[in-house]
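One structure is given below, encoded as structure tokens.
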Amino acid sequence: MAYLLDTCVVSELIRPAPEARVLAFMEPLDPEACYLSALTVGELGRGIERMPASKRKETLKAWLHGQLLVTYADRIWPVDTDVAHCWAELSAALEAVGRTLPLFDSLIAATAVVHRAAIVTRNIQDFNAAGVSVVNPWDGYTLHPPTEI
């Protein structure tokens, strides 16, 4: 199974004291089965750029460009035309039943659908409602199968 790591998971892993359950979930995974969305890279970069000038900001910038982007170089999924078409269908289906997702979340959900990946996140309800499988490492690694839209 492929895993698409949401921004909250990557952010957790670089905290000074990451949640033990998240580390325990990630440790046995095959790194080659873990992917990022290009949007997650953007969200992380934006978060770093919004920080005031500090040693921590410089450390995180170095980590993003020197470690994360290198480690995941061939495992960063873009928002391409397949994802865009899937997003259009997904968004329209959600809107038809009175639901919406934030733009980035809906694009990340579409990315997971296109690549047949489970999203690893703490944000279960939104992604699960989008019809994708979700794993929450904070709750004991439960795989939440997709719900019908």
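Cβ coordinates come from backbone N, Cα and C, glycine included.
Note: Asp6 (Mg(2+) binding site) has non-local neighbours Thr40, Ile108, Ile119, Val120, Thr121, Arg122, Asn123, Phe127, i.e. same-chain residues 6+ apart with C-beta under 8 A of its own C-beta. Marked as Mg(2+) binding site by TrEMBL: Asp6, Asp105.
Marked as domain 'PIN' by TrEMBL: 3-124.
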What number of additional C-beta atoms lies within 10 angstroms of the C-beta atom of Asp105 (Mg(2+) binding site)?
19
